[in-house]
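*Asks:* Structure below; questions to follow.
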């Protein structure tokens, strides 16, 4: 049923053809069940494991590697002799890499789908329903409820479906609907019509929503929506419809992969074509097919050389290390790639309650009446420090600390706060914090009494558990609470009836203490308290009191004000009818006004500094809240989102005002605004969409079920540690301490991680460029193979992987939070950098080929062939006069390969040192600025020695141990790469950067 909140109860009952007392007939139940289905959220149609695995192989680079593995497997099948073992190592290793990558990918995808399942925990198990087959109420499974059912709910129940209230069977009905609307206090419901067809869920006071909790009272209503049609069901649909976007880094790596795969394909084809003339060379036994297969192998080697197989593992490791560092700062990261996205966050949309504020109501101002002379009324105004529930803070008058017990008015005010109150403080020993037990507003009064300590109780020697309610207990020993007149909407107040405790023997009679909305309470006051006397309330005094209340309620702080009053001579208990709430207002008359307190949910202390940090880092902060606009703007001013005197027109909107704008202006509003109040979940998603259309990278915080769709849609969803499981599973990050400042620390960490990733991605890619150049040169010049696929895999995975991982530990730049966020479109490798890699890669390739050629042509223990003989080695036969005096076997010696591989590895170690900083010289950033890197270089070299000197590894890798002279040549050929890169850095620093 649509718009049920705008219909009368009779219209709702008539719509479903149901009688309030008997409920639906079994025929109607069956018909509605067939029509609307069970009252549960449909299970998420997740992808099957097979589909998830298949998805991991959609990446082009992965497919090229897979193809390379299949080809080398087929070729290995036809090998004979001792080659066979080596031949099978390569396809086996490639497959292992692919499997490992797929496992990580599938695991992350699986995590993403848990969010929708977590909604299930808000589904109630049972419901209490009236149906015509039984006289009394019956308990049935909640999934069997249908629209039209008459349902009963009572305190402690979870609301089983969306319900339109028909009648309330208690004084009040309070519902905690914070999971759905984000309201920090429970809401009082009624049964009257809410005529506004565009009311937000917060304003539908005659509706109960599925999954919310009944805090107090008992009521009967008619089910108007079940399952997917409920408000919580709509949230599920929205989440299911939200596609996860790829992070900026993932998009870049995808683009890079596509370009790389095109380049690889071109080079492979080119190598093949260049050598078509050699297919018939004698070395292949004159068989054209064998020649084709030989060059096919080289093409496979090229593919393996060009793909940085170690990259996914190194990225995952770096992100995982980043998440550990963030966890120490209270930011728990749930999805690894989002660590890097945090670094380019340009807008943070933050919830107000609990994130920017403490979500601990606290009284910050109060007044009692000082004196009344004729028409002139003077007040004693006080401010109170401390912004949490901890009973620590001072009472100040004119910025000087005062003792509250010296003011008679404050003693009575404290008495009312302590007695007219059902809440208390509790010290949670495991968390080490003071927490509320009961309503936030009342707990603020309890805390106020502790701070005032009007009877000078000795609290210094008490433990924290005893301290929590020490001063309140003293007051409760003087007066005993007999009964409470519950709060009701019509009178907007509550009261308690108290009698003096026997022990106190005080000369006071019975009293009624009242607290409530100032306008309503003052209307029922006939007197005001001045010191210990009471003075008749004149219109001048009343105007003075109301003007201060209005100023507090609408001024800079927009405080929530409560008036406190006493009925000095209440009626006798036996004359009061306590089961008729409508008569309570008669007993709360002839009151004496005592004072007024103003409270707010205060901003966290550290938030102001964080917002300043965001401003310097070029990040915009937008506050989004379900609270009203006045309160929201006041908090924005207090924390520095708005200046004290800023004009906020066009910069702060309510959800309704935002909806009233045409789409073009809504777009503009999202560009300018810094505050959205009275917002529904759908607005949050809309705001994220508009921000994304300006290419902003948005972080969105939330804690309720209602926030889940927006959390899922934003690039970075941030849930609160104290929030609902749904919010946590829909988000990328969870704040363990619910603190806004933690987000800013996480953004800083994200920026540092991205800078380091850029360094090691570039490092790994320059290594691959070198390998490709090496293979291309040997093939183009017709030289013997310098590197084979097994060796390339070893270098890419192991020897390069270790320093690359260590580069993730580079210390962050000092000015990292003074720069604007990087654009997500900024390429990983710009034009100049591309040239640098080509230059370095070209040198790496030339040096490796050079090392192999050196052994053939110049080494003392080498064959000393000429360059012509080397480049035509394929035509070597015993009867070819060009090769007289040389055995053809020398061209298959493992020494030149070992030389080439050693040069490659050593150059890569030098390159790792070059990567310590993008443009800083090694003189400015010495190697010991990153000890992890030095350690990993030593480890990589040790592993290289391992495959040269420890049997049977040299056989598998087709290598042989080198002597001292050969190592000398290796070092001579490797070190110039440092000089070359220093030169390129010098050019970048002095001619390109400014």
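Quick reminder: no glycine exception, Cβ is built from N, Cα and C everywhere.
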*Asks:* Identify whether residue 14 and residue 822 belong to the same side of the membrane as annotated by Swiss-Prot.
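*Replies:* Same side, per Swiss-Prot.
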*Asks:* 351, 353 bind Mg(2+) in Swiss-Prot, but which of 695, 703, 737 does that record place at the same site?
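*Replies:* Between 695, 703, 737, Swiss-Prot records just one in the Mg(2+) site with 351, 353, namely 703.
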*Asks:* For the Ca(2+) 2 site that Swiss-Prot lists with 768, 771, 799, 800, give the additional residue from the candidates 657, 665, 908, 918.
*Replies:* 908
*Asks:* In Swiss-Prot, which of the ranges 829-851, 852-874, 875-897 has the transmembrane segment annotation?
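*Replies:* So the range that Swiss-Prot calls transmembrane segment is 829-851.
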*Asks:* Where residue 626 (ATP binding site) and residue 304 (Ca(2+) 1 binding site) are concerned, what is their Cα separation in Å, rounded?
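*Replies:* Spelling it out, the Cα of residue 626 (ATP binding site) and the Cα of residue 304 (Ca(2+) 1 binding site) are 55 Å apart.
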*Asks:* Based on DSSP, tally up the residues of the topological domain 'Lumenal' (778-787) by helix, strand and coil.
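*Replies:* DSSP composition of the topological domain 'Lumenal' (778-787): 4 helix, 0 strand, 6 coil.
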*Asks:* Do any residues, 6 or more residues outside the topological domain 'Lumenal' (778-787), come within under 8 Å Cβ-to-Cβ of it, and if so which ones?
*Replies:* 271, 274-275, 278, 295, 298, 301, 305, 771, 848-849, 851-853, 856, 870-874, 891-892, 896-897, 900-901, 904
*Asks:* Excluding 304, 305, 307, 309, 796, 800, please set out which residues of the same chain place their CB within 8 Å of the center of the CB atoms of the Ca(2+) 1 site, keeping sequence order.
*Replies:* 306, 308, 310, 768, 771, 792, 793, 795, 797
*Asks:* Would you mind checking how many other C-beta atoms are within 10 angstroms of the C-beta on residue 309 (Ca(2+) 1 binding site)?
*Replies:* 23
*Asks:* What same-chain residues, at least 6 away in sequence, bring their CB to under 8 Å of the CB of residue 489 (ATP binding site)?
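*Replies:* 172, 188, 190 - these are the non-local Cβ neighbours of residue 489 (ATP binding site), listed in sequence order.
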*Asks:* Taking the residues 353, 442, 489, 515, 560, 625, 626, 627, 678, 684, 706, which the record names as binding ATP, find the longest CA to CA distance and state it in Å to the nearest whole number.
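*Replies:* Result: 36 Å between the two most distant Cα atoms.
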*Asks:* In three-state terms from DSSP, label residue 560 (ATP binding site) for me.
*Replies:* strand
*Asks:* Please identify, from the recorded positions 304, 305, 307, 876, 888, the residue with the sparsest Cβ neighbourhood, meaning fewest other Cβ atoms within 10 angstroms.
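*Replies:* Among the recorded positions 304, 305, 307, 876, 888, the lowest count of other Cβ atoms within 10 Å belongs to 888.
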